[in-house]
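The following features are taken from Swiss-Prot:
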type	residues	note
BINDING	G82	anthranilate 1 binding site
BINDING	G82, 85-86, T90, 92-95, 110-118, S122	5-phospho-alpha-D-ribose 1-diphosphate binding site
BINDING	S94, E227	Mg(2+) 1 binding site
BINDING	R168	anthranilate 2 binding site
BINDING	D226, E227	Mg(2+) 2 binding site
Amino acid sequence: MISLKSIVDKLYNLEDLSYQESYQLFDYFIKGQIELPLQTSILTALKLKKETSIEIAAAVEALFDNTKEFPKIKGDLAGIVGTGGDGFNTINISTTAAIVAATAGYKVAKHGGRSVSSKSGSFDLLESFGVNIELAPDQTKQCLELYNLGFLFVPFYSDGFRHIKEARTILKTRTIFNILGPLINPARPNKVVIGVYSKDLILPMAKTLVNLGIDRAVVVYGSGLDEVAIHDDTYVAEIQNNQIIEYKVSPVDFGIDTYAIKDLEGGLPEQNREIIKQILLGKGKEAHNAAVAVNVAMLMKLYDKDDLKQNTQEVLEIIKSGKCFNILQQVINYSNK
């Protein structure tokens, strides 16, 4: 076993960790074997050094090895998630996009937790809707099979995350756990859209996904947002056959107007719930509908639907039909049986 001291010394010298060292470090983290002051120092050192794709992949495996197993789903399974930490406090776009994608017929396992840095995390929102977020894995699997949608509350699958909650709250800044968050979906989807909070993270995240053996994925950075943007360009790294292709898209590529970031500003869970409810009922504002639609359109690309304009129009029609709220309501009812 590698000693914690030797790992910490390397980090203090801003040296990269080996796969084994990073695995051991995050095994210590998740088992609560690192004191709070040292946790904050380690997370700060990693951030200053900049995390490598090897360190991230090793950390993911360490976290998975300390997580409850989720039953395997037959066929394709999608995930759509952001790192958080972009600082804009937008409405919960990835959560809404997951519900809309499920309505469109794609199986989506949405994982996450309560808010650390924003006003309302994805599961703060879901709880405000009345979703029972602590559903047993076999029940969540059945929910996925019935309604194409399942919510996986990460702390329910690994109570070790409580050991790092205080350090993250104290630091009030983005840490490697923002990067790890999107990668630790217990359902292990094979098609994922991941939004990152920094352009510098696009390639490390994409390389990590290749290292983890993900089938198809896109990593996106939306000019300040950790999702596909409707206010400016979105930088993309797409993964297919272990290859990474980088490109850029703009609102015009999706056939939509350009909007301002402030058009997407969210609030407390109760305020967000009302905004999201209106979107799902087909009564949302144009900017809100567009933001959700472009993110689902990007997910559809992973299913060989390459025409982003056509994808976006299809999704907008589904949103405006009001059917999306029915799916959420069925999941709420199922989760509270």
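Even glycines carry a Cβ here, placed using N, Cα and C.
Checked against D226 (Mg(2+) 2 binding site) by C-alpha proximity, the binding-site residues G82, H111, R168 yield G82 as the nearest. Ranked by Cα separation from E227 (Mg(2+) 1 binding site), the binding-site residues G82, H111, R114, R168 are led by G82. All protein chains shown were included, and the count of other CB atoms within 10 Å of the CB of the residue listed as 'anthranilate 1 binding site' stands at 28. Annotation for S94 (5-phospho-alpha-D-ribose 1-diphosphate binding site): same-chain Cβ neighbours under 8 Å, separated by at least 6 residues, are I80, V81, G82, K110, S122, V193, G195, E227, N295. Take the CB of R168 (anthranilate 2 binding site) and look out to 10 A: across all protein chains shown you find 19 other CB atoms.
Note: the CA-CA distance between R168 (anthranilate 2 binding site) and H111 (5-phospho-alpha-D-ribose 1-diphosphate binding site) rounds to 19 Å. Proximity of T90 (5-phospho-alpha-D-ribose 1-diphosphate binding site) to non-local residues of its own chain (separation of 6 or more, Cβ distance below 8 Å) is seen for L225, E227, I261, L264, E265, G266, A291, given in sequence order. Cβ contacts within 10 Å of H111 (5-phospho-alpha-D-ribose 1-diphosphate binding site), excluding its own Cβ and spanning all protein chains shown: 24.
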